[in-house]
Amino acid sequence: MDRKVAVHEDGYPVVSWVPEEGEMMDQKGKDQVKDRGQWTNKMEFVLSVAGEIIGLGNVWRFPYLCYKNGGGAFFIPYFIFFFSCGIPVFFLEVALGQYSSQGSVTAWRKICPLLQGIGMASVVIESYLNIYYIIILAWALFYLFSSFTWELPWTTCTNSWNTEHCVDFLNHSSARGVSSSENFTSPVMEFWERRVLGITSGIHDLGSLRWELALCLLLAWIICYFCIWKGVKSTGKVVYFTATFPYLMLIILLIRGVTLPGAYQGIVFYLKPDLLRLKDPQVWMDAGTQIFFSFAICQGCLTALGSYNKYHNNCYRDSIALCFLNSATSFVAGFVVFSILGFMSQEQGIPISEVAESGPGLAFIAFPKAVTMMPLSQLWSCLFFIMLLFLGLDSQFVCMECLVTASMDMFPQQLRKSGRRDVLILAISVLCYLMGLLLVTEGGMYIFQLFDYYASSGICLLFLSLFEVICIGWVYGADRFYDNVEDMIGYRPWPLVKISWLFLTPGLCLATFFFSLSKYTPLKYNNVYMYPSWGYSIGWLLAFSSMACVPLFIIITFLKTQGSFKKRLRRLITPDPSLPQPGRRPPQDGSSAQNCSSSPAKQELIAWEKETHL
């Protein structure tokens with residue numbers, strides 16, 4: 001056995017060798033390990049990222065936050081966070097994936113072994129998203145199937161699930177005798193709570209399984225499975241349709257919305273600036289958390305998708321374009337939402353503030369109610385829920401793809417072989433489906449709200465973003481990462497990006513993080529139902545399970561590394577030498593970058609790379 005023995009600068013032996021036939025892995029085993037693959041072209045990457053970041057939050061969260069926080073004045077804090085946090089962290093994650101050609105866990109492990117917990121935390125958040133986000137698709141499918149009827153089932157109070165408190169306010173003869181003090185409900189509310197959810201009195205009573213939702217959930221998982229089962233080869237093709245079709249639906253709904261009576265008042269309500277609201281710190285916190293939510297930051301998705309890029313792809317230009325596309329979509333979606341809410345307000349003779357909602361309330365109560373007031377209501381209902389379905393679908397299967405990528409990069413010898421990927425995807429899909437069945441019980445909505453409020457909350461994303469920019473800006477070194485980016489795209493990005501990594505982003509993330517904690521209010525379902533103490537404990541356990549990965553893996557890696565404290569620290573903040581070095585093209589045949597020849601200048605750079613900025 002022919003080994004080459006070197007000595008590490010700390011005095012520990014470093015052994016590297018090429019295994020002989022029969023040692024460690026035979027040649028047949030090598031051939032079975034498949035390459036990671038790459039996007040066929042840039043458009044596949046752009047559409048995949050667009051499909052991931054442009055989702056339901058653009059339609060049901062941003063417009064509501066804009067109206068609630070001062071209308072047009074909300075854009076001031078929004079764009080401050082957009083330029084100082086959104087673009088810099090978005091670009092950081094995409095560039096990290098492209099530079100390392102690794103998923104979220106192994107990319108951070110190679111950049112800084114001490115902070116590999118950042119990648120593990122993103123996997124935890126991805127896992128939670130895979131369980132609960134797809135429930136929204138099950139609801140959308142249920143509404144879509146219910147739209148293929150002569151009369152929309154949430155239009156009248158004559159259905160079997162309606163109660164004596166149901167009042168159809170569109171039918172003025174039935175609504176005339178109802179006083180404002182009566183305890184009434186609308187048919188659209190009863191359809192949502194009694195027909196779709198069958199909701200119980202609280203989280204303590206989960207009730208029985210809603211088998212129709214369980215079947216819709218199964219269909220959603222089957223669709224997601226076949227969207228990604230062939231890796232980026234299939235994902236890259238599917239997104240041509242799933243990422244672009246929602247824009248067609250959005251344009252159709254926009255044209256319909258702005259032509260409705262009352263649309264102008266709704267749009268004015270959406271954009272009318274109230275500069276006094278900028279004095280409220282809550283407005284700034286909402287702007288910051290919306291940026292992190294809508295850009296899919298700290299979920300590992302951007303790193304995984306970027307890892308399939310060619311090494312010299314201009315990820316800087318792509319990142320900026322995608323960030324602007326995401327925000328522009330949110331802005332246009334606001335016109336769709338508030339033009340229809342303005343129409344509802346005029347038809348019912350009530351203020352817009354009483355019909356404006358966010359989240360599931362907007363998608364499954366306000367909009368279904370709005371389409372009942374339009375001619376050809378079945379058509380508009382189908383178009384809306386198809387748009388909702390595709391907005392959520394590509395976000396879901398791209399998130400699933402990123403979880404699979406992280407797993408395969410962590411265990412390439414075991415998983416990157418013929419047929420193993422299909423089995424892995426099937427196993428994750430079945431496991432997530434079985435866990436998701438808990439959320440389609442009669443009390444499942446209470447569990448869904450816990451996941452949504454705590455598991456992927458702004459607090460978690462702000463915490464991880466803080467460590468990401470500290471790792472790249474201060475530990476690995478912002479200048480060093482700029483050198484890596486320059487090697488990939490041919491020039492250095494705008495200096496504001498580096499300034500943001502070093503100062504602006506960590507400062508804003510830290511301030512917003514502590515403010516979020518100080519202003520924490522316990523979750524209430526429908527602003528009425530208070531969870532029991534053990535329910536809130538489960539919620540905080542979901543939140544801390546991701547954030548705890550960072551300090552936990554710092555401790556674990558320290559304990560597993562030998563040497564004095566100083567030597568261990570130095571070794572754990574030294575990047576992996578197999579990472580591409582500036583001026584040297586990364587190997588295309590899977591061989592180690594260490595075996596590539598380099599000039600004296602490059603060797604000097606490699607020696608310098610061992611130093612850190614800590």
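Please read every residue number as a count from 1 along the shown chain.
The backbone N, Cα and C atoms fix where each Cβ goes, glycine too.
These features come from Swiss-Prot:
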TOPO_DOM  1-44  topological domain 'Cytoplasmic'
TRANSMEM  45-65  transmembrane segment
TRANSMEM  73-92  transmembrane segment
TRANSMEM  117-137  transmembrane segment
TOPO_DOM  138-210  topological domain 'Extracellular'
DISULFID  CYS157-CYS166  disulfide bond
CARBOHYD  ASN171  N-linked glycosylation site
CARBOHYD  ASN183  N-linked glycosylation site
TRANSMEM  211-229  transmembrane segment
TRANSMEM  238-255  transmembrane segment
TRANSMEM  291-308  transmembrane segment
TRANSMEM  320-341  transmembrane segment
TRANSMEM  374-393  transmembrane segment
TRANSMEM  423-441  transmembrane segment
TRANSMEM  458-478  transmembrane segment
TRANSMEM  499-518  transmembrane segment
TRANSMEM  538-556  transmembrane segment
TOPO_DOM  557-614  topological domain 'Cytoplasmic'
REGION    574-602  region 'Disordered'
COMPBIAS  589-601  compositional bias 'Polar residues'
- Report, as numbers and ranges, which residues of the same chain sit near the transmembrane segment (211-229): CB under 8 Å and 6 or more residues beyond its ends. 134-135, 137-139, 141-142, 145, 196, 235, 238, 242, 393, 396-397, 400-401, 404, 421-422, 425-426, 429, 432-433, 436-437, 440
- So how many other Cβ atoms are close to CYS157 (disulfide bond), meaning within 10 Å of its Cβ? 20
- Note on the structure: Sequence-distant residues near the transmembrane segment (45-65) by C-beta distance (under 8 Å, 6 or more away from its ends) are 39, 74, 94, 136, 232, 235-236, 239-240, 242-244, 246, 270, 286-287, 290, 293-296, 301-302, 305-306, 308-309, 313, 318, 321-322, 325-326, 329-331, 333-334, 336-338, 356-360, 362-363, 388, 391-392, 394-395, 398-399
- When counting C-beta pairs under 8 angstroms to the transmembrane segment (238-255), the leading stretch of 117-137, 374-393, 458-478 is 374-393
- Quick tally over 73-92, 291-308, 374-393, 423-441 of CB pairs under 8 Å to the transmembrane segment (458-478) gives the top stretch as 291-308
- Message: Before we move on, state whether the transmembrane segment (499-518) and the transmembrane segment (73-92) share at least 3 Cβ pairs under 8 Å, counting only pairs 6 or more apart in sequence.
- Response: yes
- Query: Do we see three or more Cβ pairs under 8 Å linking the transmembrane segment (374-393) and the transmembrane segment (538-556), pairs being at least 6 apart in sequence?
  - Reply: no
- Item | Considering the transmembrane segment (538-556), which listed stretch of 117-137, 291-308, 320-341, 423-441 counts the most C-beta pairs under 8 Å | 117-137
- Taking residues 6+ outside the transmembrane segment (291-308), which of them lie with a CB under 8 Å of any CB in it? 36-39, 45, 48-49, 52-53, 55, 57-58, 61-62, 78, 81-82, 85-86, 89-90, 93-98, 100-105, 107, 119, 121-123, 125-126, 129, 232, 315, 323, 326-327, 330, 395, 398-399, 401-403, 405-406, 409, 456, 458, 460-462, 464-465, 468
- Query: Should CYS157 (disulfide bond) be counted as helix, strand, or coil on the basis of DSSP?
  - Reply: coil
